[in-house]
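The feature substrate binding site is assigned by Swiss-Prot to ASP14, SER15, TYR46, SER47, ASN79, THR80, THR190, HIS191. As annotated by Swiss-Prot, active site, proton donor/acceptor applies to CYS78, CYS189.
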Amino acid sequence: MDKKEKRPTVLFFDSGVGGFSVYREAKKLLPNWHYLYCFDNAGFPYSERKEESIIHRTLAACQLINQRYPLDAMVIACNTASTVVLPPLRAAFDIPIIGTVPAIKPASEITKTKHIGLLATKGTVKRHYIDELIDKFAQDCIVERLGTTKLVEIAEQKIRGHSVDLISLKDELSSWAGMADLDTLVLGCTHFPLIKDEIQLCLPQVKYFMEPSAAIAKRIKYLLDDKNLQAQNEKYNQMFCTAHFPEESQFKKALHLWGFESLEVIKID
């Protein structure tokens, strides 16, 4: 098959469905590519797991999928996983592997008040690399950090068809409600763009929401344009998870809205 007839196959990996925020930007920019999405719901949430477990589960899932669908690129659409899995993944795969990094640099450039909020998982806000990003790009800013698992759960419920509990959301963000000059918010978890409108309702003083999805989509395009492709011309976009879940039948009915044809359970334990 001529390489011009092939579409790049790109895998998005996350512990949940937060990576949809990254996937949708890629699909918007590159609508005809072949996309795979795997969420490790059996290991969710990664913010509560040890680094060794995150590395093991990510490697196992990605290797299993790559055996069936030779990948041209991989996106770790999870901030928590990106802090630990990129070196072992790059050692195991000879393809571009793109991580997700909180958009602290662009936030520091756009803020007018020099007061930034970093909203991420509990694991991410404590990582040393966050200290390094702030020291490198935002030394002249006050950077508030809020680590939350609750917002991840709220976003998961929204994507599965449930309404957002604004009372719980407002309560989780209450420590920032009185910060009138907090004008920029870094959405440091891929789940959070999925509930950006609801977050805005709770924090009306925030003018700028920064997250890396669009930049990641452009990076994928740059890395794979005009490259020799491994993947065959697969027709359908596929989704994988690692355990059955209560709303699975309802979730499957909504897959086509995101451009996927099927959901398959894979075992990685």
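Even glycines carry a Cβ here, placed using N, Cα and C.
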Between CYS189 (active site, proton donor/acceptor) and TYR46 (substrate binding site): CA-CA distance (Å): 11
Residues within 8 Å of the ASP14, SER15, TYR46, SER47, ASN79, THR80, THR190, HIS191 Cβ centre (excluding the substrate site residues themselves): GLY16, GLY18, GLY19, PRO45, CYS78, ALA81, THR121, THR124, VAL152, CYS189
Those recorded positions, out of SER15, CYS78, THR80, that come within 10 angstroms of CYS189 (active site, proton donor/acceptor) at the Cα: CYS78, THR80
Entry from the binding-site residues list ASP14, THR190, HIS191 having the most other CB atoms no farther than 10 A: THR190
Cα-Cα distance linking CYS78 (active site, proton donor/acceptor) and ASP14 (substrate binding site), given in Å to the nearest integer: 5
Rounded Cα-Cα span from CYS78 (active site, proton donor/acceptor) to HIS191 (substrate binding site), Å: 8
Binding-site residues compared (SER47, ASN79) - highest count of Cβ atoms within 10 Å: ASN79
